[in-house]
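Here is the structure we will look at.
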């Protein structure tokens, strides 16, 4: 799949160089601006997509060739309005704003229909919070999207494309980490990567740069999981089982101070991109969640821990309700600085998904009696079903399509009996996309023949020997000090 050209970016730069565009309707000051007036003005403007801080709503043909409620029908895309604000302390926060990324049409589409139909597009928003330098954050910002798209099969309908996206995100994150580590630089980064296609939101994340959804009616829900060792018991157990040590910093006299860290390295996070000087049990495999909003719309807040160390999810959502996206992002940063001061890089992106054919208010404070006030998505288990997700879904606000947070590549890449053959009948590595002879590919399930899983080690997806070595290291199957470079 061809990747979007850099020249089509709406914005993709460090916050020191980011110049935000402001519409005439919001230029009068920093006070509250009626959303109805903004939408009416933008509807008259009819600017092309990617100009300014919005996406024009329009019909789009699914072209799916059947399957799904939207297959073969035209549907209305939401209007996207976004804003970004940041304050720098260390110069290690970066972000990505792209509103005109293209996915190819299905192979069954005729050339005449392609000429008359609008392009199949999606938007990408990302926050990258670097540590130990900014090299990993910059590299991830510049390469992660291309790596995700290279892992997507060609000729998919929109429904199939969305279904394949979680797996491609896993492959893209791991490839980005692997290629950055080849550079030998020691920095690392969190990554929260949000893809919006129509009303469907797919979020992949490592680290603690959180993404929340503020739905109409005041329901605030998490679309990410924090990979901080201090709060995440499952991640602590995984790291120790893989050969890492978890503890606090020891000072003279034997006292322990600060948050829980992973040793060697002293990192507070259990998942990141980069960090070559830390054990391989610090993995780049992302937590992925995919949801579909109702046409009531909603607001996304994506931010680095400079925000979340100062504000709870509910406080961040509440402090900017009633404001348009650009002012909302500034308000969240302002509130975080007021609460805690500038102790870390602080970055916030706000994205509003607005129905295209009706006047909708920005998310407003909930009523005094509202059972959906603090709905939080939690990881589903057999013993504890996700009742909160069911409540939110029953309210017609959001439909959960996918959720997975396992760090095991064999679980995340699934089964593929075809092995993704290329046109030359070679196999393709599911991570780095290099061509493999049939005798060279190693199944991601190899070594699990006696497990209770239904996976078969002679089936794909397949990995090259380099990616297989990395998989084994991440799962504690070889000494973490032995790096694959």
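A Cβ is built for glycine as well, from the same backbone N, Cα and C atoms used for every other residue.
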Listed co-binder of Mn(2+) 2 (same site as 129, 344, source Swiss-Prot) among 177, 197, 277, 305: 305
Mean predicted confidence [pLDDT] for the domain 'PPM-type phosphatase' (107-353): 93
Additional residues surrounding Mn(2+) 2, by Cβ distance to the 129, 305, 344 centre under 8 Å: 93, 190, 208, 209, 304, 306, 307, 308, 309, 345, 346
Distance, residue 305 (Mn(2+) 2 binding site) to residue 130 (Mn(2+) 1 binding site) (CA atoms, angstrom): 11
Per DSSP, three-state class assigned to residue 305 (Mn(2+) 2 binding site): helix
Cα distance (Å, whole number) from residue 129 (Mn(2+) 1 binding site) to residue 305 (Mn(2+) 2 binding site): 8
